[in-house]
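Peer 1: Just lifted these from TrEMBL, have a look:
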- 374: ATP binding site (BINDING)
- 261-274: compositional bias 'Pro residues' (COMPBIAS)
- 31-136: domain 'Gnk2-homologous' (DOMAIN)
- 142-250: domain 'Gnk2-homologous' (DOMAIN)
- 346-570: domain 'Protein kinase' (DOMAIN)
- 256-277: region 'Disordered' (REGION)
- 284-306: transmembrane segment (TRANSMEM)
């Protein structure tokens, strides 16, 4: 009897602990994943649309409490032309209570994140909320979308990727071919190694067809190799479908599983005999010991679960250049919709420059701040490393003769740099133009030369970091309204140690005509490399001619012996 009681109490305690841990695992705190806003400045004054939107979000939150079994609901609010169309989708494994709380959180959150949004979508761990000023019902769409990744590598990535490919193919097929009236939802668990499984989940909104569901999920699957190859977890978030995997359980396997077939219950072979039996003191002690042991196990389990969740939140990141973390200031990151609105959707009328790198647009933020947006083309010679390098360096530099970086944007696979607007364009626009050159009298040229020199001195000596620009030239000197020069374009810049006089490199960068001989021939750069470029630039400012436009090379072997004009500058 004592042994039976011990076994019973231990099994009961173990079940309690196990269920508690499962509850912690699955009760993620309705965690925000990502959002997109399509903003319009005109919406700020449209109180009718905003009232309809607020009513719609409130209705979605209320409807989630009594939603049907498919966890999906859509509704409209208001009349044309101010009608708002909205919907929500809860993850297929979550219970109604969690669905309701997730929708309530997401509805409040999207209103705060998109205050002037006429269309938006927000994804949480357990739900999605979406609204628009156009009909979005029963229409499959793959835009906007976002891939997220937990940036930790698995052991044995090749086998992992192969297992994952098979799993997501299977769940996409099952979700797309769900019976009529059932959720377009599927999960799969596959064994990866002795200690780890791979858990995957696919789901579509139930208002689209099976073929459209499959098409949406195939888009999502197609992006996994680029964003998440060999990583512990990944998310593909689309308006019409979601795909997710990770090596730890994240869905309720009981709710996600197919309902088991019911078999008749057999009566007990040996029914318990009547009568009462007293529990001995040894049995009571055993129960107490088991309970205490279970409490210890529960505490240890709780501790590790909390650590796991903290790490998961810390390491989840979107699939894009992690520039913000390198600068130490996430406030530098702009939403795409804010820049789009500031530049009137990148209108041609707002374009103020173009080149091999891409285009430059002027714009005005909602605060009234005038900005210049450098939108790099995907074929630009400035790659991802140069982009990150410029953001990281300029975020740490502040000087009146350096262009000021306000932020950056990497959403939707874009690479954009947002600067203060410098209205008078670049130096080459003036000094190499026969008419514009006349606007630069000698005092102004003197001021420009001194300003560039101060900026270089700051980079080489006075800043916290010793920085070599490596691409100093006329087109990289911007002029503000007072013709104060500002050094720009730090994509090629490098930091060198204070006690080092020069650094070697295998890659020669910069612009021919400005590159110093030791850098061009031996790959060694230092502050002297910038000083050489500055000297060439100073001659161009004084002469008004490009360094490549020497018209009488017969009289000069090189730049040092070519001196078409001698000017004394005090």
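The backbone N, Cα and C atoms fix where each Cβ goes, glycine too.
Computed from a predicted structure; not experimentally measured.
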Peer 1: Measuring CB to CB from residue 374 (ATP binding site), give everything in the same chain under 8 Å that is also at least six residues away in sequence.
Peer 2: 357, 358, 359, 360, 416, 417, 418, 419
Peer 1: Roughly where does the domain 'Protein kinase' (346-570) sit in mean pLDDT, to the nearest integer?
Peer 2: 80
Peer 1: For the domain 'Gnk2-homologous' (31-136), give the DSSP counts of helix residues, strand residues and coil residues.
Peer 2: 43 helix, 35 strand, 28 coil
Peer 1: For the domain 'Gnk2-homologous' (142-250), how many residues does DSSP put in helix, in strand and in coil?
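Peer 2: Final tally across the stretch: 39 helix, 36 strand, 34 coil.
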